[in-house]
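These notes are about the structure you will find just below.
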């Protein structure tokens, strides 16, 4: 019976996939125009452990605000295309964060495409081959579907700060990148066009820099976001971070997700000796760390739900006291059309970090922007540039929205609820993922960023709901079970459709119908 159900679903998937490939318009291949630029005289000076090129007497093509993962990768990518890039970062010391530590395989493929894959070397990064899912004492392994990729392709987990420093070093190694420590205070606007930024240097001197394109990548705490988009930020929960030492993770090279009460607990290895634990606490208020309330909560409420192999190390980490918290933010991409400026990374678009998709979205966006800007030799044509940037917002949607929607939907499904229908949906999701074959590979290919397609996401999400209803109807559909089944389908719709609506139905599913979907290269008049 199980095999018959699997074959039926595989047939449905094949039909839907074929239909999508047939119906969606393919974008025309963009004309590549070689960009020839004069080399400038460069003096290298050492500052904050980074080599910073000082470009004297030359103009800047692109200003990048922020040198995190998105900003550093963007600077390196655009500089390789021949652009002169000025990066301004508030603090060039190594960051110390408890998120941004897991790069999905889809994100690693984007690193390769950008020529940045060596940034995961020499930082004690750990290979990630899939997930282990826990519920009510049971566990199941969910491997990434990597069979069609080279042996190097997998997820990577690491210390976020080490990874960012490697990215910064890589960007600063290019002669046409200027990496400077400073705090951007405002954008320079003239007649509705962003012309550059005002910033304070490391010494406190107020300076200005001009460029035809300014890209803001200053993270989730961005102070420039409000002038460039609708900042509708939601905070569904907070992460409490611990580092476990002197223990082994139950399933080597796997991230671990515990479907705990009230919400998930994550474990993954970030070095050869350290395991990151992230405890999700719903809402914006968390127990106080300073007065011991947090330690008590972790010992009494969370520790009993931790896998036994990690239990002792979890208690030791609590006793050690290095407990940190981080709000989990969610913000759909809702930009203003602003000539001369663009938002990227967490300053622009955030999703719940449960699925570790943030860096994958950012790197995918950079690939889209790089390819889109290639035909534009001159960025000073603000009208033409603005049209191209409109295309960027549409072209990024299918991949970014799929990852965003999956993160929001999974968080709601994986969180505990007293509602019987929600309980059934949670159990159905665990059992569905445990079936193997297409039932595992499909959702995990979405989660990993290897196959981020909106229709595949919707298909599997409702396949889980229908699977849950089928379980309810066996051995016979009593009135109560029918009622719960109807509420399960209704609840599933109530979870996913509002997220899709916020992301944009047309841009997500039918981007080729959006007028800004594709911009032809500008016509160069022959002399």
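Counting starts with 1 at the first residue shown.
Keep in mind that glycine also has a Cβ here, set from the backbone N, Cα and C atoms.
Residues or ranges marked as domain 'FAD dependent oxidoreductase' by TrEMBL: 61-91. Within the chain, the domain 'FAD dependent oxidoreductase' (61-91) has long-range Cβ neighbours (under 8 A, six or more residues past its boundaries) at 35-37, 40, 55, 100, 111, 114-116, 163-164, 167-168, 170-171, 174, 176-184, 196-197, 199, 209, 211-219, 222, 224, 344-347, 359, 362-363, 365-366, 369-370, 373-374, 379.
The average per-residue pLDDT of the prediction over the domain 'Squalene epoxidase' (211-483) is 94, rounded to a whole number. Taken from TrEMBL, the feature domain 'Squalene epoxidase' covers 211-483.
What TrEMBL records for 6-25 (among others) is transmembrane segment.
Taken from TrEMBL, the feature transmembrane segment applies to 455-474 (among others). Same-chain residues lying 6 or more positions outside the transmembrane segment (455-474) and placing a CB less than 8 Å from one of its CB atoms are 9, 12-13, 16-17, 20, 402, 405-406, 409, 413, 424-425, 427-429, 431-432, 439, 442-443, 445-446, 481-482, 484-485, 488-489, 492, 496, 500, 509.
Annotation comment: TrEMBL describes 480-500 (among others) as transmembrane segment. Within the chain carrying the transmembrane segment (480-500), a Cβ under 8 angstroms from the stretch's Cβ atoms is held by residues 401, 404-405, 408-409, 412-413, 419-422, 424-425, 428, 454, 458, 461-462, 464-466, 468-469, 472-473, 508, all 6 or more beyond its ends.
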